[in-house]
Amino acid sequence: MPFTNWNLLSVAGTKKKFTCPGLGLFYTILSAFLFSVASLFLKKIEDVHSVEISAFRCVFQMAFVLPGLIYYKTGFLGPKGKRVFLFFRGFLGSGAMILLYYAFQVMPLADATVITFSSPVFTSLLAWIFLKEKYSLWDLLFTLFTITGVVLIARPPFLFGSSITGIEGNYTNHLKGTIAAVVSAVSTASTFVILRKMGKSVSYFLSIWYYAVIGLIECIVALFVIDEWTLPYCGTDRLLLILIGLLGLGGQIFITKALQIEKAGPVAIMKTMDVVFAFILQILFLNHLPTWWTVGGALCVVASSSGTAIRKWQHNSKKAKENEI
């Protein structure tokens with residue numbers, strides 16, 4: 001469940017102090033593991049719609065953020081000039097989570113994880129369009145590689161024929177899951193662009209608060225529309241819902257800590273463990289072997305996303321050195 005604030009990479013890239021060598025990378029691996037286990041538990045839940053699971057996640061986020069808002073006295077609405085940005089950050093961010101959870105439920109775990117891992121590439125593209133940031137030939141190459149990776153995972157019949165193997169259920173659900181995962185990645189990228197636009201003037205807690213509150217409202221409205229609101233039928237599903245909330249929260253805390261004490265480049269590379277863990281858990285606990293098409297798509301997306309993040313880190317590091325001079 002890789003909801004990493006990649007926008008923080010630019011901040012983390014300038015930090016040089018850390019408590020002990022490798023601690024930030026350990027936090028990154030731990031975060032990736034917690035997110036992956038939460039995704040596995042999500043696939044194990046039966047008869048609970050992905051929107052309802054998202055609602056439970058939002059409740060956990062609100063419970064975590066509320067003490068921070070009270071302690072730092074940030075208020076619940078934020079600065080007047082930033083409220084529109086906060087609203088769209090919450091709307092797009094929570095929408096990305098709902099779509100991601102849906103993708104996890106209808107397609108292989110590794111496939112959905114790989115596609116959503118492409119958000120840094122889309123961030124560069126959207127930042128070029130809306131923030132007029134530099135978009136180089138390398139960025140274009142990474143974007144094309146990402147699209148190639150998504151196509152290899154989706155395997156549309158007009159390119160790969162009508163006989164598609166290695167998917168869960170029918171191809172229609174696989175295609176719906178692919179579309180949901182892509183839109184989730186684009187929505188996540190959009191939130192990062194909004195966060196860049198807001199800068200550091202808005203508290204991190206306030207940003208998460210909007211995300212959780214608006215997400216909960218989205219989920220409640222959606223559940224009434226699709227008429228899917230049901231309590232889990234067994235104690236196991238209820239326990240899994242609680243664990244998903246706790247693991248997701250733990251993953252977010254550890255990746256935030258990692259970005260505070262480690263340089264962005266190494267963290268970006270270590271974040272690829274999200275995909276590695278997804279493949280391992282899918283094979284061990286879901287008895288689903290990935291196809292070579294999925295492996296090839298994963299290599300394209302992971303290489304592109306890591307390359308984008310590392311180039312961003314190098315650019316910010318170079319700019320920081322120039323400012324010192």
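Just so it is clear, glycine is given a Cβ too, placed from its N, Cα and C backbone atoms.
These figures come from a predicted structure and were not determined experimentally.
The feature domain 'EamA' is assigned by TrEMBL to 23-154 (among others).
According to TrEMBL, the feature transmembrane segment maps to 24-42 (among others).
Taken from TrEMBL, the feature transmembrane segment covers 54-72 (among others).
According to TrEMBL, the transmembrane segment annotation covers 84-104 (among others).
For 110-131 (among others), the entry in TrEMBL reads transmembrane segment.
For 138-158 (among others), the entry in TrEMBL reads transmembrane segment. Sequence-distant neighbours of the transmembrane segment (138-158) (same chain, 6+ residues past either end, Cβ-Cβ under 8 Å): 111, 114-115, 118, 121-122, 124-125, 128, 164, 171, 174-175, 178, 182, 293-294, 296-301, 303-305, 307-308, 311.
Annotation comment: TrEMBL describes 176-305 (among others) as domain 'EamA'.
Residues or ranges marked as transmembrane segment in TrEMBL: 178-196 (among others). If one looks beyond the transmembrane segment (178-196) by at least 6 residues along the same chain, the residues whose Cβ comes under 8 Å of a Cβ in the stretch are 3, 5-7, 85, 88-89, 92-93, 95-97, 99-100, 102-103, 106-107, 111-112, 115-123, 125-127, 130-131, 150, 153-154, 207.
Here the transmembrane segment (208-226) has Cβ contacts under 8 Å with residues 49, 51-52, 54-55, 57-59, 61-62, 64-66, 69, 76, 78, 86-87, 89-91, 93-95, 97-98 of the same chain, all six or more residues outside its ends. What TrEMBL lists as transmembrane segment is 208-226 (among others).
Annotation source TrEMBL lists transmembrane segment at 238-255 (among others).
Counting same-chain residues at least six beyond the ends of the transmembrane segment (267-286), those with a Cβ under 8 angstroms from any Cβ of the stretch are 2, 4, 9, 12, 24-25, 28-29, 32-33, 35-37, 39-40, 43, 108-110, 113-114, 117, 120, 255, 258-259, 298, 302, 305-306, 309-310, 313. Annotation comment: TrEMBL describes 267-286 (among others) as transmembrane segment.
According to TrEMBL, the transmembrane segment annotation covers 292-310 (among others).
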Request  = For the domain 'EamA' (23-154), jot down how many residues DSSP puts in helix, in strand and in coil.
outcome  = 110 helix, 0 strand, 22 coil
Ask   = Do any residues of this chain, six or more beyond the ends of the transmembrane segment (292-310), have a C-beta under 8 angstroms from a C-beta of it, and if so which?
value = 6, 9, 108, 110-111, 114-115, 117-121, 123-124, 138-139, 142-143, 145-146, 148-153, 155, 160, 166, 264-265, 268-269, 271-272, 275, 279
Key: seg_contact(the transmembrane segment (238-255), the transmembrane segment (84-104)) with at least 3 CB pairs under 8 angstroms, min sep 6   = no
Task = Compute the average pLDDT of the predicted model within the domain 'EamA' (176-305).
result = 84
